[in-house]
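Swiss-Prot annotations:
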{"type": "ACT_SITE", "residues": "Lys117", "note": "active site, N6-AMP-lysine intermediate"}
{"type": "BINDING", "residues": "Asp35, Ala36, Gln37, Tyr38, Asp39, Ser84, Leu85, Glu115, Arg138, Glu178, Lys294, Lys318", "note": "NAD(+) binding site"}
{"type": "BINDING", "residues": "Cys412, Cys415, Cys430, Cys435", "note": "Zn(2+) binding site"}
{"type": "DOMAIN", "residues": "592-672", "note": "domain 'BRCT'"}
Amino acid sequence: MDDFQKAAARARELHRELAHHNYRYYVLDSPEVSDAQYDKLMRELQDLEAKHPSLQTPDSPTQRVGGAAAEEFGEVVHRAPMISLANIFEDQGLTEFDERIRKLVGLPGIAYVCEPKLDGLAIALRYEKGAFVQGATRGDGTTGEDVTSNLRTIRSLPMSLFPQDDVKVPDVLEVRGEVFIRKKDFQKLNEKREEEGEPLFANPRNAAAGSLRQLDPRMTAARPLSVFLYECVPGEGVPVFKTHIEKLEYLKTLGLPINQYRRAEGLEGVRQAYDASLKGRHELPFEVDGMVVKVDDEDQRKRLGQVSKSPRWAVAYKFPPEEESTEVMDIGIQVGRTGALTPVAHLKPVKVGGVTVARATLHNEDELRRKDVRKGDTVFVRRAGDVIPEIVSVVLSKRPADSAPFEFPKHCPVCDAVATKDEDGAIIRCTGASCPAQLVEKIRHFASRLAMDIEGLGDKLAAQLVSTGRVKAFADLYALTKEDLLTLERMGDKSADNLIASLERSKQTTQRRFLYSLGIRHVGDATAKALAEAFPRSEMLFEASLEDISRVKDVGPIMAQVIHTFFQEPQNQEAIRALLAAGVQPAAPQVATGGPFVGKSVVLTGAMTGMTREQAKEEVERRGGKVAGSVSRKTDFVVAGEDAGSKLKKAQELGVRILDEQAFLQMLQTNA
């Protein structure tokens, strides 16, 4: 065996190993190796492909980052039509569905399979000789859009099939499924967008659909998409299944992720499954809007066939919506720190899902036009789980006779500067360089917990400082005197002293916090950390080329251009120099080489008395550790403060080492 043959054999072995570890981590949430071990395997494969370029195949795990942007999506004709399910909304509909099935099949009772109905985007995937070669959206059911490059970026989707139990992989296999975003990932995505000054997504489905249909796969790669598969198209080499459950287990054996399911005997069994699903819907890690009910027996399915574009053998039993109707009292425009003009509906307060809702974002002009929300309208408002409230629909029959469409402003409502659309045409921004509304939001961000952490500098104080003209730039904050502060509303001696002390403390900061505090568009906390590691001093960014910035971890071409433009702008350079001259001293990141936290995954839970959660996170990261948001078998330590909840319980179940606050502080001191 020559060198190339050895390299090819090792590459195939690495494909299999990495696919196995991806499945354990992204599907089962039960990893067998550490991040460092996984990265070592990936680097070995990358090195092999660099030495032997012909080994870099489209299904290689190294190709998940996404290729070049496309001008438009190609069309894909589906091998078999992608049909959609009919909906039912009450028990009567379920009873009628079961009666029809029993009558057509001629049996007194039917076995069903019940699955959570994901609120995602339907897809078709094609594998040839076990390698993923094409993926498409449903489209009109006959023809969909080719989104292969974007689907390659989804970590839970295997690029190659490595079956268990010596199952033979068909030469051609087409499977159907759904792309979605998990709740925790959606929450993190919106938090990141908020950090970066970008408009929030309304719900996980919108985020998933928008992410999958990005023309630039690198944008999709930055979004935390997941996938479940639930169907495969009959073909040569594909087993003939007796039941749907048998089919699901076959997909699972091939290494494809499947949703949870439950077998139900007859109508009463489905009712019990529905009641259990409805009761436990908020416990699931993803949003569901109902339960899919399918006949389990494959022969019965063939006999039942389909009507129009829906199968007779399946139905979507929708959950009652968590929606309430209320009145739109007004529509206003909110100006963000990056100048984005966001329409906001001010509502007559109403309780939705146990929470009082008085405002709902309308996201942007296109969304406002699509829904045609107007002042005085009666609307339905939905709030699902942790998702921000959104207006679902307008009750047109109750629309006032004198209502008029909302006129989106051509100028900023605060500074009257011209408002222009972004390159993608979705967001309208104020162009005013000295817009007071932007300045207020920028100061709020500058003082926020992850930035300079200036305690006592909140929304109202920021607005007062700007409106009185005392603060026109960040550096002006450090020139404030106690006498200046005492002239402001609701500011006494003690409050003024505390704020001055907080401002003084904030001067001793980190480069990561400092870069994040500047409010650069697209730059959240994680990107600020990566930039700080690459450029320990801000002045280095003044001299950095676009290529230098593009080499920073997780910085894509669009973000790199924005960052480069920001630091080339003389006004921004002047603002940074003014802050440094005012005494702000951003410390360069320290790289830990030893100690109990190096390379460890730590989860923080509960309230701590000796420091804030953010301070604890910084201390762990400064010592070479990584703070994760959830507990898994990969977690090395869980630091449990007061009133620790589900994370502590999971750590106990998994046998993860648990530290109380005192033990954690002692570990920090021994590794100071």
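Cβ coordinates are placed from backbone N, Cα and C, and glycine is handled just like the others.
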- Query: What residues, ordered by sequence, lie under 8 A Cβ-to-Cβ from Cys415 (Zn(2+) binding site) and sit at least six positions away in the same chain?
  - Reply: Cys430, Gly432, Ser434, Cys435, Pro436, Ala437
- Which residues, same chain and not among Cys412, Cys415, Cys430, Cys435, have a CB within 8 angstroms of the centroid of the CB atoms at the recorded Zn(2+) site? Val335, Gly339, His411, Pro413, Val414, Asp416, Ala417, Ala419, Thr431, Gly432, Pro436, Ala437, Gln438
- Message: With every protein chain in view, what's the tally of Cβ atoms within 10 Å of the Cβ of Gln37 (NAD(+) binding site), excluding that atom itself?
- Response: 12
- Query: Could you tell me the C-alpha distance between Lys117 (active site, N6-AMP-lysine intermediate) and Lys294 (NAD(+) binding site) in angstrom, no decimals?
  - Reply: 12
- Message: Validating a neighbour-count step here. Other CB atoms within 10 A of the CB of Arg138 (NAD(+) binding site): how many?
- Response: 20
- Message: Whole-number answer please: how many Å between the C-alpha atoms of Leu85 (NAD(+) binding site) and Cys412 (Zn(2+) binding site)?
- Response: 45
- Counts of helix, strand and coil residues, the domain 'BRCT' (592-672), according to DSSP: 29 helix, 18 strand, 34 coil
- Shortest C-alpha distance to Cys412 (Zn(2+) binding site) - which of the binding-site residues Gln37, Arg138, Lys294: Arg138
- Note on the structure: Here the mean pLDDT of the domain 'BRCT' (592-672) is 83
- Note on the structure: Close in space but at least six residues away in sequence, with Cβ under 8 Å from that of Lys294 (NAD(+) binding site), the same-chain residues are Tyr112, Val113, Cys114, Glu115, His244, Trp313, Ala314
- Task: With H, G and I counted as helix, E and B as strand and the rest as coil, say where DSSP puts Arg138 (NAD(+) binding site).
- Result: coil
- Where does Cys412 (Zn(2+) binding site) sit in the DSSP three-state scheme? coil
